[in-house]
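The structure appears below as structure tokens.
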Amino acid sequence: MAAERGAGQQQSQEMMEVDRRVESEESGDEEGKKHGGGGIVANLSEQSLKDGVDRGAEDPEEEHELAVDMETINLDRDAEDVDLTHYRIGKIEGLEVLKKVKSLCLRQNLIKCIENLEELQSLRELDLYDNQIKKIENLEALTELEVLDISFNMLRNIEGIDKLTQLKKLFLVNNKINKIENISNLHQLQMLELGSNRIRAIENIDTLTNLESLFLGKNKITKLQNLDALTNLTVLSVQSNRLAKIEGLQSLVNLRELYLSNNGIEVIEGLENNNKLTMLDIASNRIKKIENISHLTELQEFWMNDNLLESWSDLDELKGARSLETVYLERNPLQKDPQYRRKVMLALPSVRQIDATYVRF
């Protein structure tokens, strides 16, 4: 989630440009969720496959692809990892022969309904990312399921998963969900990704005491609230919402990464108990002053670009963070100073990257 570090590479150059790798909006690490190509156990004729075009990049109006009949797909009955990504499958059927399957990937197909999975009692991971599903249903029998991804579909409600009590990771990114609900039984949940939906309030998550990562970016949330029970939370992302104040984080004593960029925050506050923070992203807000963070001595990354910072003396607030390596301060008024980079280096000698450029000493 942090900008990639390249210290020691190309040392003959005075400095080198690197891409800022922004924390996911809210997909988390999609590559990490993909099932490896080595697990592909199905074969399909070339005529039935679509050549290398990502369906997510297509015109959304084009939904006229002909669905493939699953009877044309040869399945390995003994496979534990089945990857049927981009097979143009229109209906889930014929999978009951997979008596040993633990991971089933049905990404980027034409599936409209979750069905005919009740025989897959051994299933641990189910990936339905990028289909045309409008309702979560028919999953009650999959009581051993640990990972469920129904991102990039057409869901309006969170439902039909209250029996999945072994679930550890739930991805419902980029749907049309407007309320967090019906997940109170998921006590084992460690990661919840609800980014790019229509959620207006943080609610109904107080029973998720094992939650470690919560992604709520790109929603319509106006207040940080109802987080007190999540004492194991280490990553919280509420970027690109409608927040005006940093609050409600006092119980998150184990929080290490906090992403609040692209909101309407005016003051840095409310972080008194978050001493373990290593990453703080408050970019693209309305903040005029760095304050109330001198106690965050474990900070490694501080992103405050695109704000209203004017005073160089504010950087003194970061001097206690001896491990601080990366700062983003570009597009603040103080960047107009011709000695901008030099002054940042002098104020924060531990820093190895200023904005998108590495520093070489």
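Keep in mind that glycine also has a Cβ here, set from the backbone N, Cα and C atoms.
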| query | What residue among SER45, SER103, SER213 has an entry for phosphoserine in Swiss-Prot? | reply | SER45
| task | From the list SER196, SER313, SER323, pick out the residue that Swiss-Prot labels phosphoserine. | result | SER323
| message | With respect to Swiss-Prot, which of the residues SER24, SER122 bears the note phosphoserine? | response | SER24
| remark: Quick note, SER323 (phosphoserine): same-chain residues at least 6 apart with CB under 8 Å of its CB -> THR278, GLU298, LEU299, GLN300, SER350
